[in-house]
Amino acid sequence: MSNAFQVDLRGIVDLLSHHLYASPRVYARELLQNALDAITARRAGDPEAPAGAVRIETGDGVLRVADNGIGLTEAQVHELLATIGRSSKRDELGFARHEFLGQFGIGLLSCFLVADEIRVHTRRAGAPAVLWTGFADGRYEVAPGADREPGTTVTLLPRRGAEHWLSGATVTGLAQLFGSLLPVDVRVDGVATTAGDPPWLLGDDRALTAYAERTFGFTPFDVIPLNVPEAGLTGAAFVLPTPVNPAARGGHRVYLKRMLLAESVEGLLPEWAFFARCVVDAGELRPTASREALYEDGLLESTREAIADQLRGWLVRLSRLDPRRLAEFLQVHHLGVKALALHDDEMLRLVEQWWPMETNVGRMTLAEFRRQHGGIRYAATLDEFRQLAAVAAAQDLAVVNAGYTYDAEIIERLRGLDRDAVVERLEPSDLTTRFDLLDPAAELALRPFLAAAQRRLDRLGCEVVVRAFEPASLPALYLVTRSAAFHDELQATRERADELWGGVLDAIADAGPPDRPQLVLNHRNPLVRRVTALADPELVALAVEALYGQALLLGYHPIRPADAALLNTSFLGLLGRAVPGEQA
Ligand SMILES: Nc1ncnc2c1ncn2[C@@H]1O[C@H](COP(=O)(O)OP(=O)(O)OP(=O)(O)O)[C@@H](O)[C@H]1O
């Protein structure tokens with residue numbers, strides 16, 4: 001024996017209201033949509049049919065939505081209105097017919113979100129009028145209806161507490177929201193709520209800018225027309241005039257067959273296009289059952305790619321025809337563009353080609369830097385760049401400042417993009433190898449001085465060397481290799497750590513002998529020459545300590561307590577010797 005499923009309508013309505021639809025307001029959309037589909041169906045069978053019109057009336061606490069569409073026969077009323085999931089808008093194989101908005105056969109049920117009773121008074125040309133009444137408890141009645149023109153009038157009797165959903169102001173607002181672009185005349189209490197063709201079909205940029213201001217609340221940086229014939233899609237992308245966080249995805253305003261799907265639809269653009277908000281109307285994209293999002297299918301994917309191409313085309317056009325505008329665009333959106341460049345090759349290229357970076361040979365793009373210097377050498381932090389930029393420039397070493405957010409990672413990623421890209425992080429040792437050694441005689445003469453200087457700085461873990469380098473005006477340079485910097489940090493933490501943690505740190509520190517930081521004195525500097533020639537050991541000590549302290553400060557190196565104490569004593573000591581008078 002086989003039985004038919006029983007359906008508890010209250011359960012279904014509860015499901016719809018709590019889990020499918022975000023708000024009861026969707027009832028207005030479903031009614032408009034059914035009226036539109038009925039008009040489409042009538043005109044398909046009878047091109048001579050009168051122009052489609054939807055008349056909505058509020059008042060007396062009820063809502064009436066009347067269309068001059070195809071209407072229903074009594075048999076259809078039984079079959080379509082009273083069967084959940086049954087729709088006339090599917091073909092024999094069950095596929096949604098593309099000329100209609102509806103497809104699921106559940107839309108009318110959404111009226112139960114605001115109504116206790118739904119009356120459908122309908123007549124199909126050549127058949128008698130029928131009155132169907134559905135109740136929220138799942139019962140329905142069918143009776144002969146008063147004679148009328150072909151078409152359908154749906155009347156909603158509000159449920160307690162939902163009266164405001166059927167008020168004139170609310171209904172007018174909803175009709176405008178969902179249906180302002182519909183291609184038929186819709187009126188609420190005699191006032192038109194449809195506004196003609198979508199503004200992006202008018203070919204008037206100013207109208208589009210005004211539209212963006214009205215609907216999105218910003219004046220776009222630029223407007224990009226969108227057109228994807230295979231999805232029946234037209235529209236516009238508005239480029240945001242202010243920075244946005246690429247992770248905070250802004251949605252797009254999407255119309256399907258000129259009916260608003262939702263104001264904040266995701267998934268229409270690729271992730272990298274975070275800087276644009278779109279409004280589109282598509283004939284062929286499919287909605288999810290809630291009609292609040294786009295159904296993720298192959299067509300949506302290829303549409304996304306086509307839109308991405310159009311946005312990319314805009315960027316390329318800007319770069320070719322109006323690089324100044326592109327620079328302005330990047331000024332606004334560089335952080336977002338850079339964030340995406342970390343995992344998107346398109347954006348990586350954009351940054352490489354068009355974002356001017358700070359370097360020690362002037363501002364230029366990474367592409368330009370590579371052309372001029374055959375590869376990219378970069379300082380990974382702002383401090384590193386400050387420490388070494390000027391000295392590196394004097395040794396003909398071009399260096400990019402990659403100390404700003406994302407820059408170092410972006411430069412490293414270029415390696416992955418181009419196999420032959422030469423990318424290296426600047427090491428202080430790159431500089432020392434370019435400094436000149438002194439001739440052996442000079443070196444020999446300096447030995448006693450070097451020994452005294454080294455004794456002075458030993459306790460600070462620093463090695464003193466003398467080299468000749470440009471600029472001659474720079475007396476001393478403090479160079480720390482990365483492994484030495486790491487060792488120093490480890491040492492500082494070790495001093496503060498407890499036994500257990502200290503043991504762990506010791507194990508790491510034992511991994512290898514650190515390169516000692518170097519104080520490189522510049523033999524081309526006249527003051528340094530004078531210092532190396534001093535006979536007074538106390539003055540040598542003070543001078544070496546002062547040069548050490550000055551090199552630390554100039555290089556933006558961290559100052560440890562021992563360094564601060566030394567700066568203090570060397571400064572006061574030198575001052576004491578410089579100021580005439582008896583020493584206490
Ligand atoms: N105004 C109307 N004029 C003529 N037929 C209608 C009207 N409203 C509803 N119908 C009929 O009732 C059926 C069920 O309507 P319902 O709104 O529940 O689902 P649907 O529009 O087919 O699909 P969806 O759930 O996607 O909206 C429709 O397929 C249509 O045949």
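Every residue gets a Cβ built from N, Cα and C, even glycine.
No curator has checked TrEMBL annotations; they are predicted automatically.
Residues or ranges marked as domain 'Histidine kinase/HSP90-like ATPase' in TrEMBL: 29-156.
Annotated ATP binding site per TrEMBL: Glu30, Asn34, Asp67, Thr152, in sequence order. For Asp67 (ATP binding site), the same-chain residues lying six or more positions away in sequence with a CB closer than 8 A to its CB are Asn34, Ala35, Leu36, Ala38, Ile39, Gly52, Ala53, Val54, Arg55, Gly151, Thr152, Thr153.
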Discussion item. Need one number: mean pLDDT over the domain 'Histidine kinase/HSP90-like ATPase' (29-156).
Written reply: 91
Worksheet item: Which residues, in sequence order, are found in the same chain with Cβ within 8 Å of the centroid defined by the Cβ atoms of Glu30, Asn34, Asp67, Thr152 at the ATP site, excluding those residues themselves?
Response: Leu31, Leu32, Gln33, Ala35, Leu36, Asp37, Ala38, Val65, Gly69, Leu108, Val154
Worksheet item: Any idea what DSSP makes of Asn34 (ATP binding site), helix, strand or coil?
Response: helix
Worksheet item: Could you count the residues of the domain 'Histidine kinase/HSP90-like ATPase' (29-156) that DSSP puts in helix, in strand and in coil?
Response: 32 helix, 38 strand, 58 coil
Discussion item. Just to be sure I understand the packing, how many Cβ atoms besides its own are within 10 Å of the Cβ of Glu30 (ATP binding site)?
Written reply: 22
Discussion item. Max CA to CA distance in Å over the ATP-binding set Glu30, Asn34, Asp67, Thr152?
Written reply: 14
